[in-house]
Amino acid sequence: MTSTALNTAGYQQQLDEKAERIQNIFEDFETPELEVFASPAEHYRMRAEFRMWHEGEDLYYVMFNQETREKYRVDQFPAASRLINDLMPLLVEALKPSQTLRHKLFQVDFLSTLSGEILVSLLYHRQLDEEWEVEIKKLKQCLNDEGFNLNIIGRARKMKIVADRDYVIEKLNVFDQTLTYKQVENSFTQPNGEVAQKMLEWAVDCTQDSDGDLLELYCGNGNFSLALAKNFERVLATELAKPSVESAQYNIAVNNIDNVQIVRMSAEDFTDAMAGKREFRRLKAQNVDLQSYNCNTIFVDPPRSGMDEGTCRMVQGYERIMYISCNPDTLKENLEILSQTHKITRFALFDQFPYTHHMEAGVLLERK
């Protein structure tokens with residue numbers, strides 16, 4: 001059995017094992033009953049990437065065994081969305097006859113959406129020319145005539161050619177609200193669309209009786225900011241990655257949300273700004289007056305490394321802390337500080353990555 005095969009019959013068992021494992025990790029903390037949010041058992045990943053293998057006239061997708069590093073052919077990938085699986089064979093068959101499009105092609109990346117859009121990135125070990133552009137536009141039109149809503153990117157060293165967009169538009173349903181998100185190629189997006197919707201609904205439910213303003217660190221493309229905006233008077237959100245900030249600004253505008261402001265700076269710099277250690281010109285340039293905000297709640301979704309101690313101490317200054325974590329081990333380390341002043345009142349497991357050891361957790365903490 002290759003790693004492309006899924007044991008869908010064993011899905012619930014692996015989820016139960018994760019739930020037990022995460023409860024064991026946090027057994028030293030007083031936690032409420034664990035809320036468990038399942039994933040679809042297959043076709044849950046909204047993105048996938050494959051190496052391309054050239055064998056005579058043949059061309060096909062391959063993956064590599066993580067332990068032996070041996071390659072194996074992949075014609076279908078049940079973990080990926082149905083949209084990706086539908087496109088995979090048609091794309092490779094369209095590439096095969098064209099020497100221009102297949103020459104030194106070494107990788108294909110897919111980014112799909114629940115809304116029906118899909119973006120394909122073709123990576124090459126050669127520079128791309130006008131002939132490639134002509135051919136790729138023909139291929140794109142051919143596949144869109146088959147019913148796809150497809151855009152394509154060609155990449156080579158220090159080179160990027162876009163036909164016609166380098167992003168997809170996703171639509172996520174959060175209770176009775178439909179939110180629109182711009183998701184840019186090579187920027188972080190939640191990999192599991194169905195579970196992402198459940199995470200947003202959980203966050204909205206946790207904060208439905210809020211007052212005052214919300215501060216959010218590590219906001220990405222505004223994924224949570226937009227969903228939570230209706231529960232607060234204002235939202236002030238920080239993000240360091242420039243493409244994510246640009247997407248967040250687009251998402252705020254397209255959803256007609258007028259109470260969210262995004263500031264491009266790191267969580268560590270923002271901590272210094274909040275403490276008054278130094279002034280930041282970018283805050284002044286964006287007319288952000290930190291003293292005007294009345295933030296009782298803070299939302300954090302840090303990278304796998306978690307928050308540093310200084311950020312944890314800053315976060316402790318808020319009445320309520322909502323923490324989404326992709327690494328329970330660093331969440332545990334942070335909770336050893338946060339639990340000195342706050343108690344855990346909600347505790348959730350989101351199965352973003354079925355059949356792997358990875359676990360996504362959510363906790364709501366309230367001041368003791």
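Every residue, even glycine, has its Cβ placed from backbone N, Cα and C.
Binding of S-adenosyl-L-methionine is attributed by Swiss-Prot to Gln190, Tyr218, Asn223, Asp301, and within the candidate set Glu201, Glu239, Glu279, Glu319 the record adds Glu239 to that site. For Asp301 (S-adenosyl-L-methionine binding site), the count of additional Cβ atoms within 10 Å of its Cβ stands at 20 [all protein chains shown].
Cβ-based neighbour count (10 Å, all protein chains) for Cys326 (active site, nucleophile) stands at 18. You'll find the Cα of Glu239 (S-adenosyl-L-methionine binding site) roughly 20 Å from the Cα of Glu360 (active site, proton acceptor). All chains included, 25 other C-beta atoms sit within 10 angstroms of the C-beta of Glu239 (S-adenosyl-L-methionine binding site).
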